[in-house]
Amino acid sequence: MLKAIEKYQPVGADQIKVWYKAAALEKFPKNGGACIKYKEKQIAVFNFTRTGQWYACQNLCPHKMEMVLSRGMIGEENMIPKVACPLHKNTFSLQTGENLNGSLEAIATYPVKVENGYVYVGFAE
Amino acid sequence: MKTIIVVGNGMVGYKFCEKFVSKNESKNFKLQVFGEEPRAAYDRVHLSQFFEKRDAKALELAPLEWYQENDIHLIVNERVTDIHRDRKSITTSTDKEYHYDYLILATGSAPFVPPITGIEKKGVFVYRTIEDLEGMLAYADEIKKNKPNCRAAVLGGGLLGLEAGKAVMDMGLEPHVVEYAPKLMPRQLDSRSSNVLQLTLEEMGIKIHTGKATNQILGNGVITGMDFGEDDTLEVDMLVVSAGIRPRDELAKTCDLEMGVRGGIVVNKKMQTSDPYIYAIGEVALYNQMIYGLVAPGYEMAEVAVNQILENHQAAMQESIDMSTKLKLIGVDVASFGIPYMPANKGLSIIYENKTKGIYKRINVSHDGKTLLGGIMVGDAADYSILHQMYLNNMPLPDNAEELIVGARGEGGSAFGSAMDLPDTAVICSCEAVTKGAICCSVLEDGNETVKGVSKATKAGTGCGGCKPMLSDLVAESLKSIGKTVKQSICEHFNYSRQELYDIVKTRAVQDYDELLDTVGTGHGCEVCKPAVAAIFASIYNETANRQETIQDTNDRFLANIQRNGTYSVVPRVAGGEITPKQLMALGRIAQKYDLYTKITGGQRIDMFGAKLHELPLIWEDLIAEGFETGQAYGKSLRTVKSCVGSTWCRYGMDESVSFAIEIEHRYKGIRSPHKLKGGVSGCIRECAEARCKDFGFIAVEGGWNVYVAGNGGANPKHAELLAEKVDKQTAITYVDRFIMFYIKTAQPLQRTAAWLEKLEGGITYLKNVVINDSLGIANELDLEMQSYVDTYKCEWKEAVENPEIRSRYSHFVNSEDEDDTIEFVSLREQKMPKQWA
């Protein structure tokens, strides 16, 4: 069986095969995140209302393998948008997935677009 | 190698050692120290703190290892009995003989016990050593067993006598101070300032009797009272004699050193006695025909003796010794400097007296109005350091000298200018003789950028601590001069401290986080400033965590405590730990229905673990239907008020601790603060509720409640400190109301009350002044704010389950009704627990 973490591979703009229509825009809290389900994956989607940007990443925190990142606080550090895991406040860049305050494995990030009031997340499969 | 023997390991004897080993040339000497007390030198100046902490170690000037590390041979519990000048040796109480090349007499002084009939009776004590205090404590405990309201008197209303008065008050005895002179602290104060001080002390419960000559001590073997003649008596159960000091000069008699007529070993300005190989320093030394009972001149004498022995011959004692002093007496500032009072032909005085606030200030000015000659301050000595410096450095007075004590009129505040205006030679810390120049140099050249760092490097502020305000001004100003500031900004998005942000939100009526970020912040926030600001909004508007949910910390956002596998635990409020069988069964039923792991918490309530996100509103709907409300176990807010069963059931109980705990828990529930708050109420001094380990605690005693604040368990356990004694319930609540409000307004984010109080300039005495004496004039404001919290409380879980929008936040996926299928449990002692981390 695939280990939980191996399900999540970053998807670059050139690898998008599917734009998955996740949910209506108003389902996502302002300046916060929510979790969506796509096949066997849990994806955290973040609505940076202040900048008008959207980001998505795996919901799984690589530190203790818990499905919690969507419930974390978002913010920025030196202009890099980030999420802080609600369990131990490990922070990850939402652009590169890199762990900003430690040396944990990077998380997988996914492209997001908003069209006609709906939020779409890009997947390679 | 030459041998130096130091006789006496008190504060000055210790200082000699410290200064000696810090010199390079000291390597060629062997240092041997004898102390007659059973322990190494301790801070006698702060002896009364022993009552609060009962921790002799905390008063220690240096641990025993320090002596070893510095090759100092310390022998305690051994008295030196003879000096043999002919063969340069001493013998001790165990008849051992030791040779010396130089001998330092730092034997200090002993309390003077006046020859009053009956003074040898049981129950009469002196106040000098930790052993004296232990004896007093044991005796106080003994007499309190047989009699509820015991009285203790202190003979002597000087500096030390008033400290002793505070000590007996702390022991739970009714304190009386008896002074022979018509005023308190006759050496330092004029009669008007003494009156102001007396009023303040009497308000605190210390009874003052001035102008009383004690004829005899009454009682049959054991003290029962004091007789002042002509049918004037005072019934007391204990007496502490603090009527001045006498130098411990008996050793000088054994070897014919020159002595003063009324005692003391005569020394020259090199601190040498009549034998050039024997030095005397501290309270045993008679210099310029005076004994100096303060620690600063003693330290200076130690420095001179060290230099003389190391052949640095120009070091000598000054002609006149500054006897200025500033101290906090039982929480009241008292200071006097220069010539505190004088007849009008010597100088003119400017006096400000405000008995409504217990403040008296006097400065004495030369006839031409140009020089400051001295002064007195009672109740508010904030400006002492700068006035003292003006006096010492002969600085010119401003045209309107009265502004020095009543403050400048109109714009621009201070009449003194800044501490930076002082000359570099001005001695800021007189205990350690550190100059302004040395402090500024430590900042500018050695790169010490904090008060702590400068203190460590220069030793400034490590003695009595009186110079600390000035020290921090100098550090701040020096940093400013090179373009740096000491700033505690909370993160990169707000260049403000929590307290500043609190004031900004409040005065500008900022409505939400985004508005605050737009007006005074930069960028888009982070996980540090968001919850800190959320707490500020909660504190100012008493809003629940539901309104701005995405700036809340993990637990507040979903009003539950996130646990190991991303599930939550649920804790309903069980105020004071009192719960009916019906409620207990309801909790059991609900826990069973949702298959929750249950455990009794340390705060006397029931925690239910393993709830999935979407189950939280369902569980709470059931709990609310059974009459429960949120317990805020997830919030930086009041957790529980722990109680013992109290006088309703307990045969020892002095009052109803459970009723009080319930009342107080309902009073403070829901209030958001910089960190969590815990309370405790014990029905008697057995303290089963562990109230002294809490942020605030009440303990029932005979005649009222004792109020403790700023304790905690956790990583750095700390006992709470006594805020007020034997007060009625309403007063106790008012004091704690103000304490909590003041903490909420001024603490750093995530700073518990104990850490906050530790950082608070002036500590518990300052806090007492704010809370009890309203020294900042904000008590009314604090009271109103607390009352508005109490009046606007609402259960945020009720709000959440009744509001469909809030309720919709509780689903794991926004695009599916599915549960999180990655959560796995395993069984544990007939319950369950999360599966171990992968």
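Glycine residues also receive a Cβ, built from the backbone N, Cα and C atoms like all the rest.
Copied over from TrEMBL, here are the features:
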type	residues	note
DOMAIN	B:3-308	domain 'FAD/NAD(P)-binding'
DOMAIN	B:324-388	domain 'NADH-rubredoxin oxidoreductase C-terminal'
DOMAIN	B:427-477	domain 'BFD-like [2Fe-2S]-binding'
DOMAIN	B:563-624	domain 'Nitrite/Sulfite reductase ferredoxin-like'
DOMAIN	B:635-760	domain 'Nitrite/sulphite reductase 4Fe-4S'
BINDING	B:C644, B:C650, B:C684, B:C688	[4Fe-4S] cluster binding site
BINDING	B:C688	siroheme binding site
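Features recorded in TrEMBL, as mapped to the structure shown.
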{"residue": "B:C644", "record": "[4Fe-4S] cluster binding site", "DSSP (3 states)": "coil"}
{"residue": "B:C650", "record": "[4Fe-4S] cluster binding site", "DSSP (3 states)": "coil"}
{"residue": "B:C684", "record": "[4Fe-4S] cluster binding site", "DSSP (3 states)": "coil"}
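Break the domain 'NADH-rubredoxin oxidoreductase C-terminal' (B:324-388) down by DSSP state and the numbers are 5 helix, 33 strand, 27 coil. With all protein chains in the displayed structure included, the most crowded Cβ environment within 10 Å among the binding-site residues B:C644, B:C684 is that of B:C644. Cβ proximity to the [4Fe-4S] cluster site centre (mean Cβ of B:C644, B:C650, B:C684, B:C688, cutoff 8 Å) flags the following additional same-chain residues: B:V645, B:G646, B:Y652, B:G653, B:S657, B:S682, B:G683, B:R686, B:E687, B:A689. Its Cβ taken as reference, B:C688 ([4Fe-4S] cluster binding site) is surrounded by 18 other Cβ atoms within 10 Å in the chains shown.
Secondary structure of the domain 'Nitrite/sulphite reductase 4Fe-4S' (B:635-760) per DSSP (helix as H, G, I; strand as E, B; remaining residues coil): 43 helix, 35 strand, 48 coil. By the Cβ criterion (under 8 Å, sequence separation of 6 or more), the domain 'Nitrite/Sulfite reductase ferredoxin-like' (B:563-624) is not in contact with the domain 'BFD-like [2Fe-2S]-binding' (B:427-477), since fewer than 3 such pairs are found.
Within 10 Å of the C-beta of B:C650 ([4Fe-4S] cluster binding site) there are 16 other C-beta atoms, taking all protein chains into account.
As a whole-number mean, the pLDDT of the domain 'NADH-rubredoxin oxidoreductase C-terminal' (B:324-388) in this prediction is 86.
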